[in-house]
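K.L.:
Dropping a structure here in C-alpha cells format, bear with me for questions.
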Amino acid sequence: MTTLAPAANHLVISVVDQEPFITREPRPSGDYYSGYLVDLINEISRRANFTYTFKQADEHGRYLSTGWTGIIGDVVKGEAQIGGGALTVTTKREEAVDFTKPYLSNSVNLLVQKPTWEDLGLGYLVRPFSADYWIMLLVVLLLIGIVFFVIGKFSPYEWGNVAADRDPRGAKNSFTLRNSYLFALSTITWQGFREAPHSLSGRIMAAFWWMFILFSLIAYTANLTAYFLARPEQIPKMPFKTYEDLLADTNIRVGVLLSGSTESLLRNSRSETLRSIYSKINAQNTFVGSYSEGAKRVKTSNGNFVMFMETDSAEYYARKNCNLMIYGDTIFPSNLAFAVRKGSVWKGIFNTIIEDLKDNGYLEQLKDKYWHFSGDCTNIDGRKYVETGGHLSSLPIYPITLKDMAVAILLLFLGFIAAMIFLVIEIVHYAVTKKGKKIERPKILKNPPKIFRPKTKAAKAGPTDVELGEEAGPSSDGLESVPLEDAEDPGAGSGDELRGDEAKA
C-alpha cells in the first residue's frame, strides 16, 4: 500500500530515549537511533513517501504554568510535526494535541526484584501436605497404636487370648502396645507386617486404616511429583501482595518516572491508596529520570526498591535481567500513539498505515523482535504467580489440606466406630456362649489320697517290694495302696479282667 504525503514531505519527529522504543547511540558522524519506534517510523515513511529527522527532547511532556514541555511541547509549538516517543494517550494531552490510532496497548505495573530460592533441604519433602494435615497424621498415628492395643487386650478372639495349640507361629504378643505401633508404622511405609489381627474387630480397624494410608500415600506421592516438576515455576513469597501492603511497608521505597504519564495518573487517581503511594513517593523524593535508571535501582536494591513502570517497558527490562520481574495488579490501562498538531493531515495518513500494519501482522512481529526475543529470561511475569503454601507458583499447585482428604478421614473414623462396636459384640458373645459352658479343671493336690485295690494272682513280689517297706507293701487286709491319680476308671478295670481271663484260658 502506498500513501502520498503532502508537499512538505520532510518531517521533524520529537523523541525521548526509552528502551526498547528509542535507543540513541552517539557517534562521530552523528547520533544513531534504533529501536521499535525507529523501525515503525521507517516503515511508515517508506509507505507515506516522506523523510524525517529526529529531535531529541528531555521528557515526554507535562503541563506547567508556562505551558507544555518535552515532546508534547515541541508538537504544540510547531517545532516538530510528529511526537514519536512512547507517548501514553491521556485526557490532558488530548486537549493539546491529536493522537493517531494506537500502535500498542499498555498499562502500568511494578518492576520488582525477583526473590531467590534458599536451600530448603528436607523441608521440601513436607510441602505436599499442609501443616494441619501433618498434625492430624501424627495424632492419628498416636491413636491408632492405642486402638490396636486395646483390641488386642480385650478382644477374646485376638492373638493374645488364643490357645497355644492354635497359635503355631507364636503370635501371642503381636499386638502389645509396642508391636501395635510397629504394625501401624510398617503399614504406613508399605513394608508389610508379621501378623494381621485375628479378631473381627481388629481386622475391620486394619482394613479402614489401610484404606486411609493408601489414600494418603497416593496423594502425597502425586503432589510431591507435581512440586518437583513445578519447581522451576516457583519463587519465594513476596514481602507484599497488594498496593495496600506496599503502602504500609516502610522498608520498601517506590519509584516513578519524573514527568511521565504514570506520575500524573498516580497523582490524580481516584484510588485513595494510589494517591497515598504518590504522596509517599513525593515525600521520599524517589523519582527517577529514566526507565533504565529505575531498572538499575530495582536490580541493586536487594528488594527494597520497586518502580511503577509501563508494562511493555517493564517486560523489556525483565527479559534482559533475570532477577527482575513484573508484579502487582495491572492499573491504568492505556494506549501508545503518535502525537500530531491539532488538525494535522498527518493524523489520517498515519492512521491508515497503522491499521494496515496491524492487519498484516507487522506490529506483532515487531513487538516479538524487541520484547519476546530480546532476552533469554523466563518466568518474568509475577502477575501469573499465585500463593501456594508460603511461596508463589505460576502453576496451580497447593498443599493437600484436611478438606481435600475429607473422604479418607471419614473412612478412618467410620472404621474406628465399627471396630469398637464389634469389639463390644465380641466380648458379650464370648461371655454368653463360652464362659457359661467352661468346665473348671480340678486343682492338683499336693498329697493326693490313696485308694486300694486287691492284688491279682499273677502278680509276683519283686525285689523292690522289700526295699519299699511297709509303705509300698500290702496292707494288713491284703489290699495294695495306690495314689488317686493312678486309679483306673471302671472301663479300664474291665479290660484288665478280660485280658486276665484270656491269659488263664
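Glycine is treated like the rest: Cβ placed from N, Cα and C.
Straight from TrEMBL, here's the annotation block:
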DOMAIN    20-77  domain 'Ionotropic glutamate receptor L-glutamate and glycine-binding'
BINDING   Thr88, Arg93, Ser261, Thr262, Glu310  L-glutamate binding site
TRANSMEM  133-151  transmembrane segment
TRANSMEM  207-230  transmembrane segment
SITE      Arg267  site 'Interaction with the cone snail toxin Con-ikot-ikot'
DISULFID  Cys322-Cys377  disulfide bond
TRANSMEM  407-432  transmembrane segment
COMPBIAS  496-505  compositional bias 'Basic and acidic residues'
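So where do these features actually land, and what's packed around them?
P.N.:
Sequence-distant contacts of Glu310 (L-glutamate binding site), defined as residues of its own chain at least six apart whose C-beta falls under 8 angstroms from its C-beta, comprise Ala86, Thr88, Asn106, Ser107, Val108, Thr262.
If you look at the transmembrane segment (207-230), the same-chain residues 6 or more away from its ends with a CB under 8 A from one of its CBs are 124-125, 127-129, 137, 140, 144, 184, 187-188, 190, 393-395, 397, 399-400, 404-405, 407-409, 411-412, 414-416, 418-419.
Summarising the environment of Arg267 (site 'Interaction with the cone snail toxin Con-ikot-ikot'), the number of other Cβ atoms within 10 Å of its Cβ, over all protein chains shown, is 14.
Around Cys377 (disulfide bond), taking its Cβ as the centre, 16 other Cβ atoms fall within 10 Å, counting all chains.
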K.L.:
Determine, to the nearest whole angstrom, how far the Cα atom of Ser261 (L-glutamate binding site) is from the Cα atom of Arg267 (site 'Interaction with the cone snail toxin Con-ikot-ikot').
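P.N.:
Between the Cα atoms of Ser261 (L-glutamate binding site) and Arg267 (site 'Interaction with the cone snail toxin Con-ikot-ikot'), the distance comes to 10 Å.
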K.L.:
Within the domain 'Ionotropic glutamate receptor L-glutamate and glycine-binding' (20-77), count helix residues (DSSP H, G, I), strand residues (E, B) and coil residues, in that order.
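P.N.:
Helix (H, G, I), strand (E, B), coil: 21 helix, 17 strand, 20 coil.
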K.L.:
Counting other Cβ atoms within 10 Å of each Cβ, which of the binding-site residues Thr88, Ser261, Thr262 scores lowest?
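P.N.:
Output over binding-site residues Thr88, Ser261, Thr262: least Cβ neighbours within 10 Å is Thr262.
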K.L.:
Tell me the Cβ contacts of Cys322 (disulfide bond) under 8 Å, same chain only and six or more apart in sequence, or just say none.
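P.N.:
Cys322 (disulfide bond) has long-range Cβ partners Lys114, Gly375, Asp376, Cys377, Ile380.
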K.L.:
Can you list, in sequence order, the residues of the same chain other than Thr88, Arg93, Ser261, Thr262, Glu310 whose CB lies within 8 Å of the CB centroid of the L-glutamate site?
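P.N.:
Counting only non-site residues, the set is His60, Leu87, Val89, Thr90, Asn106, Val108, Gly260, Ser264, Leu265, Phe332, Ser334.
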K.L.:
What is the pLDDT of the domain 'Ionotropic glutamate receptor L-glutamate and glycine-binding' (20-77) when averaged and given as a whole number?
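P.N.:
That region's mean pLDDT is 91.
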K.L.:
Could you tell me the maximum Cα-Cα distance in Å between the residues recorded as binding L-glutamate, namely Thr88, Arg93, Ser261, Thr262, Glu310, rounded to a whole number?
P.N.:
17
K.L.:
What is the separation, in Å, between the Cα atoms of Arg267 (site 'Interaction with the cone snail toxin Con-ikot-ikot') and Arg93 (L-glutamate binding site)?
P.N.:
16
